[in-house]
Amino acid sequence: MTNLIRHRLFWPIAVLVVLLASNLVFSDNFFTITLQDGHLYGSLIDVLRRSAPLVLVALGMTLVIATGGIDLSVGSVMAISGALACLLIGDLSNPDSTTKVLLVVGAAIVLCLVFGLWNGFLVAVLGIQPIIATLILMVAGRGVAQLITGGQILNVHSSPYRVIGAGYFLSVPVSFLIAAAAVALTVALTRRTALGLLLESVGGSPTASRLAGIRARRITIMVYVFAAAFAGVAGLIYSSDVSSADSNAAGNLIELNAILAVVLGGTALTGGRFSIAGSVLGAVIITTLDITAVSVGVPVETTLLFKAVVVIILCLAQSATFRAKVFGRFAAKRTVTA
Amino acid sequence: MVLQMTGIKKVFPGVVALDGVDFRLAPGEIHALMGENGAGKSTLIKVLTGVYDIDGGEIELGGEKVRFTGPLQAQQAGISTVYQEVNLCPNLSVAENIYIGREPRRFGRIQWSEMRKRAKRSLARLDLDIDVSAQLDSFSLAIQQMVAIARAVDLQAKVLILDEPTSSLDKDEVDQLFAIMHRLKDQNTAILFVSHFLDQVYEIADRMTVLRNGKLIGEYRTADLPQMQLVSKMIGKELEALEKIEEQTREVPVRGEPLIRATNLGRTGAIAPFDLTIHAGEVVGLAGLLGSGRTELARLLFGADRPDSGELTIDGKPARLSSPRDAMTKGIAFSSENRRTEGIIGELTVRENIILAMQAERGWTRPIPRRRQDELVDRYVKALQIRPADPERLVRDLSGGNQQKVLLARWLITEPRLLIIDEPTRGIDVGAKAEIQRLVAQLADGGMAVLFVSAELEEVLRLSHKIEVLRDRRLVEELTNGDDVDADRIMQTIAGGVTP
């Protein structure tokens, strides 16, 4: 039992279970999954579908945070990728051509890679503090997105494009499949290779890592590129889901949710050890929280407050110091009586 | 007795760190706590300073039963500590460091000038005259240590704990510290002193308590316990190990093309241009005082810093080392003197720390297969007797000596041709020290070139074929080790008595 509680994923899983269970109380059919027109429907499917962008962004954020950095620009990169994709699709003679849409998607992701390189360059080569370095793109990126869309909301009508965010493959939401693939890719990239170990080493002690012969600079640049690429994909999912590019709404405040997801998942902001499964759980928890707020009937104006309270409780539950203070007292009393 | 600890027990998951240990301290005595790494010294100190709560036993301070729930409480009860590694805020001023948490205040506002004045006064008591408003990290490690002591002394302590206070001090500074300790002793302060330097312990301690494997071995008056007996009590066996190395005659390796040759290599502000050759199978010792440029020289040979003059050839071919990685591809390994900040990665496991350099060299795309990792790690954990012998334990939970062994293992598995080790035996116990020295000798016999940096002359003399003596960031003399070379001879050069 103690081993179970000590497991780093115990508390995130517990919270997720509690959240889902509380939904059951308030809405009877929360766990009902039905098949309509060959698509799976239901609140749980909704959770999976709507978690996708946050999961993607949180994955990149996890790796960046593992190196001891942080990436505030992911929301803006989302906006840029959606904006470029919608602009290019709008210019297509045949927006329903799958090949052309794939090319457009590729172009948007390449642009994001360039922005990731920029972040990595600022942090690893120029040595600017990550929070400042990525703040530049966080602010400037929205401007770039607005430049691309000409300051307007670009609407597109392209059935292949719409598949990314709103489509289904074998009854399963495509956005969920993309997120799942991204998780698998990240796990493979970090745990099947030595990248994870080197990341944790750089995050744990940059000086010692350099003296152990690790090329920290390359690795650092790589994680920012990675984060931007995943943010770009998240941007495509978002913009495809709403069939438009909104430079202000796309990825708004997602960097904070992503950081929260990473922290909830048990990765420390100081860098070092990271948990991909934890971050994914964190992202799902945050999305579930949003959906729960609606299903439980929390008034719209207090949703954010509701979210904050749950997050505080979760953070306290995860803090060993806090647990020791609360439960340690009981334990001490018990030994005294015994 | 000002302090009486009875039957102290402290258990960590899987380890009994302290098993019914008694410890007592009289006012006005200097009491040494002795034991190997992992014997429980640090744990006992942490229990006493309120960092750890105890799982059994009693602590009596000034006749009253106490139980500390935090370091602050222990401090308020009159127990002050100066830890092994300087535990201050490097980015604050000296005065702030001395008075942090108890700044002189008036109407809630800090009285800066009063604080500086008091800081100046308390440092003057230690014969230290420095600018107290300067940032702490602008001073040498030795001065920082003195500031830490000034802070502890200023807390009006009944019990003062000095945990390895001398490991970064040179001879004069040690004498200065001992003078202060004597003065405090005369003022009836009880001093608990931990040091790996046996000579120092015998010079200053009145009594000593010996621990081994978390158990109490005994309490002795220094005068009653000869040094050899103390060591055998600490390691639990007779001290053949150390003597064997001393008997060993070191054969001079076959000469030929040197493995590495530095010509006029130097870096402004770090080390003046020097010439140095190292052959395969040769142990070259670097001797000199703290801050004489030993580490700086070593770092240039590893590419950790870039030289701004001179050349380096490896196997007769010119080489440019612009990063540690470059040096590693040339077969050079470097284990830093700063174990904690430049060596181990504390939150990684022993296994991960050991394979780190090898993995870095292979690149991230070619992970070392897990089975091969386990094989390598197993072999070195056994060969170097790393304890606990659990490769999945976090390195930060190991004692200093074992961390050092992990670092050695990290480099040995890369099979370097030149191993540079900077102060590998600092702050570690006699047993581990002998093991590491024996290992260095073995490696050299096997054809590895070793650059051995140490502040302990006996050690340098015992191991080296050739000794390079540094003074004031300059390589001043090269001595071929032989019967005519002894510690006094080197001391003279270090002190500037012999013109090279």
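Heads up, the Cβ atoms here are built off N, Cα and C, so glycines get one too.
Values in this document were obtained by computation on a predicted structure and should not be read as measured data.
For A:51-70, A:77-95, A:101-128, A:135-154, A:166-189, A:219-238, A:250-269, A:276-298, A:304-324, the entry in TrEMBL reads transmembrane segment.
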Region pair the transmembrane segment (A:166-189) / the transmembrane segment (A:135-154), three or more CB pairs under 8 Å: no
Intrachain neighbours beyond the transmembrane segment (A:101-128), with Cβ under 8 angstroms and 6 or more residues off its ends: 69, 71, 73, 77, 80-82, 84-85, 88-89, 92, 95, 134, 136-137, 141, 158, 160-161, 164, 216-218, 220-229, 231-233, 235-236
Folded-back contacts onto the transmembrane segment (A:135-154), same chain, C-beta under 8 angstroms, at least six residues removed: 72-73, 75-77, 79-80, 82-84, 86-87, 90, 115, 118-119, 122, 244-248, 250, 255
Range from A:51-70, A:219-238, A:250-269 with the greatest count of C-beta pairs under 8 A to the transmembrane segment (A:77-95): A:219-238
